[in-house]
């Protein structure tokens, strides 16, 4: 039945070449119609034109309209008479008639609405279409039996096409003012190609205004690629994206569709994020789908032409010049295939770019809206992973999307061609293909499972990496690097197990699908043998050619499955995140401030809870509060009483479960933990506001920043590091205060802002900032510093989530027992050494300001944050060698490459055996098939060896590279973290490492495979027809030159892409960390817009990179088409019988796949060149200059060192970088063993630097520190830090349990931990938790108050019981009552230890043995506190006088 159908479709089998020609005519007609449609739809914004030569267009319209109409009538007539004519004949005539009418309508009637360049290009294509159709019709009329009427109509197409050409060029007069000429990119610019006009036309990509020819040929990229060959590209050299690809456009469309879907579904249903995303890109998906369809149709013409060519070689030509015609058709079919495939891939990449941009933008916006419960589920590191890994994986999926259906479609067409070649034996081929797919089905399910496991384990490892990198200073201080590194290594090993499973399945799939053509061929030929179907060169090599063209898409099935699974898992994770609950206004209402209204905040019977409604007892209960404008309200209470939660409730962070809360006007917020952005000090203060010089200067003065800025290299333009790592805690807090003050808000919420600054600065800030600058504002200030309380209009006393007392200071002091205990506790901590107040309290301030130099810790060159390293020029072989040298991976790569070469040689031997013996009567068919199968099986064995070796190399290299990277990062000095943004490091351990794990290993072998296959194809062509070398050698040379020309630009584009990707990650990391502050200042929109800008900055080099890739491939495909056509011409010109038809068929079958092989070769090389940059980027961080060794065996201190804790500091000099000034300038002093040492000085005077030197976080450039006779510079840093104890200024908790945070090394029993918790006033709090010591501590310890976090840090020190303990203002964030208990605990637990206290509170050091005063990096004085207080010129004495002057004045109010 199928045989009869084929006969009715094509007619006589002996005229199959005519059938092929007709089939190609149908393809060309459809292509031209689609091209016309595209011009009509997408190129219809014309410049102004004046009509001219109307008669010419009228004549053309009438003449061509008549021809087209007659073609349609003839086609319908032939259709009715199909019992006597082949089906394909009426189809050709109908399509030709429709195409001609459509083109005529556009050129002659609608031409005034089409771009000039597009109109002229269409007329040129129409002319060639008419010319070819006329020639073919005349040829068929002479040598065949074509219809006479159709011949006449086809001949008339030629004059008709000339009329269309004239109509396009002469039928209109165009106004050139607004038109971009088709050839404008060729002529624009000066001799260097870089005139101002050609300089990307207002920074927008040339793609935005490219004509049809320029779009199809990627001509618009010429200027950028040329520029990349003249100079190394920089970010500013890359044009901006056109509007359609910008993140703002993509996200706006996403939001519109989301709103529309919500409106349709109603409030009860959540719209599908996937559906909304597809709605944003469906047009481009359809367009790319059409190009995919055209590519499949064009590629399917190859085997048909090959079959016709072999028939001609056997002497069965239908007419004299049939071979030449077939060669020309072969060339044009390959060119159409190239154009279609390039546009298919290019437009899919655009879809991927848009999806990636809109998802990244959506993640950025969503994270600014997450409520507390959502943040507990989606940690900061996970959010980073969604944007930096998952969004990129989804962005890659559209590239593979059409492979899901084109593979099946191409397979169906191939089966049709195979049936024409070998008849019913095709069913054997189909059975093997189905069996192959069925074998892959369970593997696909396993792959899905393993991929999910891999992504989950990757998340866990990234979370641990992020936590360790963020808190690296704490890890070094506690000497916990090795333990946390082992935790990460353990998670990495779990990840590697999943990676191995994924890669082994990928290897299995590769073997399965690469070997399937061998088994398909063997099964088919065996069926032919048993069914006595003759095997001839024409049907065998038509079969082989068809199979060679099908096998590449079939081989891609594993990749398609893998990418689809990855995208599915990634999309589900992002969708879950985007659907997470957001902050709700609830009962919180913001109202405009009116002139008559004096109320700033009104809270009525409100309760607030961090958890879900009704799930637990509310964190704040029965809160009623009114704050008026101009009123200053202090909030105090013990640790964990709910002070910070109250501020969070007013900000809307803590959900209101009952009651109401109203506020009037704008809010400014200062968090307890300072949040600083990477950038200049001015940027941090302005925070997006407009510069007002007067207000700005006043803000600097009121925030006590003026003296600090005077000493900075560039003043307020000095760049500060990520999270303000190069600033002291006090400086960061004052920048926060300046940011809030500059906003000139109506309501100020200040969360313990003075805990991080010294006593003098705190006093100055309170007077100048709170009482003066904020006069007239509503101020709610959380504080533990009781001495400030008398100045407030009212004081709120909180306990256990309730406001227990609210009144003036004097009233509370008179009647509240709890408040009296609070004040008395403060007086007790202050000690009894009361100093008489000075007569003029302001005088000491001036004197102290004169004495204390504000030398800052940041006195360095203004650019602390280093610009990200970016290699320039050719990467060379270095990164490849670095990758393959890991664990001797080169051995496995060599074996894999050898196996791949053997496989390719085996395929050639297979086909050579078949070509040489298919027509040889002396070789039986059975022998022919058996030898063919045996060679194939040997080749498959080589494939298995190749795949296994690649997986082994992958695992060894991935494990080794990450191990080196992790060791390097954990051994890097703190100066590296101070000058390197976290996002830059995280991009290495996330996206770059993911590429190295998943893409690089198979990328290497695919480059070898595709290069070997291309070489084999060229070799076969050259052996069969050596004359083609005259064409192929220059063409291959041209291909290499084009590739080199391309690589110069492409590598820089990918490097810039990697660098700009870090910008997106950095901004997201900062936004996640500062989300509360951003929301408090209503700056969400500004941060979101900045994220859009950064996404575009990253997307632009990526867009131009993949466009450049298509630019190169299209030119290489043209080269391969020329080589193929030249080979065909050579074969035609050779005398008949020079080569057997078998070898001719073999050569052409390889030639047909040459362009595909060349494309895959270059494409794989390009991908690998881009991927190998990730190895290069990892390598930048695997060879960081390490800090001192952890352990030096020759100089290890005794086990019980230090015994007494005597610290001798001799002429200590510290600078942070070689070119920076000294921060400590010759410090010399001795801390006797068992003494309690207090270190005081103004913020930035060098106190923290001295502590850093003691722990060797920074190495001295001169002098030394000796502890109990041991020079600490001579021993390992682990031995040093593990013997000291510290309670850092910024309390840090890690994700895990209470037990883990107190004892991560598991060195103590539960009983010891409970005992310590009791001493630190945490026992009751932990016991109230359901899980006790196993109670959850989330990332950053955000589910515990700041004071509780600091108590945990104290607990660590008590557990360690070191002979030398350092307290860096350890009690700054706790209330005075708790402070009193803790001071007693420290005195009791560390009675015989050396305790070094960096103090901001003067009372903290009053009971110290000695006090060290530092100013400007030098020792001002060092003596007993009582002696210093008696000295009139003593700096410490003046600080104490200032403190008590302020305290006494407050106490008397």
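Backbone N, Cα and C define each Cβ position, glycine as well.
Features reported for this protein in Swiss-Prot:
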type	residues	note
TRANSMEM	23-43	transmembrane segment
TRANSMEM	58-78	transmembrane segment
TRANSMEM	87-107	transmembrane segment
TRANSMEM	147-167	transmembrane segment
DOMAIN	285-566	domain 'ABC transmembrane type-1 1'
TRANSMEM	290-310	transmembrane segment
TRANSMEM	312-332	transmembrane segment
TRANSMEM	415-435	transmembrane segment
TRANSMEM	511-531	transmembrane segment
DOMAIN	603-825	domain 'ABC transporter 1'
TRANSMEM	889-909	transmembrane segment
TRANSMEM	925-945	transmembrane segment
TRANSMEM	993-1013	transmembrane segment
TRANSMEM	1020-1040	transmembrane segment
BINDING	1241, 1242, 1243, 1244, 1245, 1246, 1247, 1248	ATP 2 binding site
Next on the checklist: Limited to the domain 'ABC transporter 1' (603-825), I'd like the whole-number average of pLDDT.
Outcome noted: 85
Next on the checklist: Which secondary structure state does DSSP assign to residue 1247 (ATP 2 binding site), in the simple three-class scheme?
Outcome noted: helix
Checklist entry - Taking every protein chain shown into account, which of the binding-site residues 1242, 1247 has the largest tally of Cβ atoms within 10 Å of its Cβ? => result 1242
Next on the checklist: Give me the count of other Cβ atoms within 10 A of the Cβ belonging to residue 1245 (ATP 2 binding site).
Outcome noted: 29
Item to check | Within-chain partners of the transmembrane segment (1020-1040) [C-beta distance under 8 Å, separation at least 6 from its ends] | outcome: 908, 1116, 1119-1120, 1122-1123, 1126-1127, 1130-1131, 1133-1134, 1139, 1143-1144, 1146-1147, 1150-1151, 1154, 1158, 1162
Checklist entry - If you count the C-beta atoms lying within 10 Å of each candidate's C-beta, which of the binding-site residues 1241, 1244, 1246, 1248 ends up with the smallest number? => result 1248
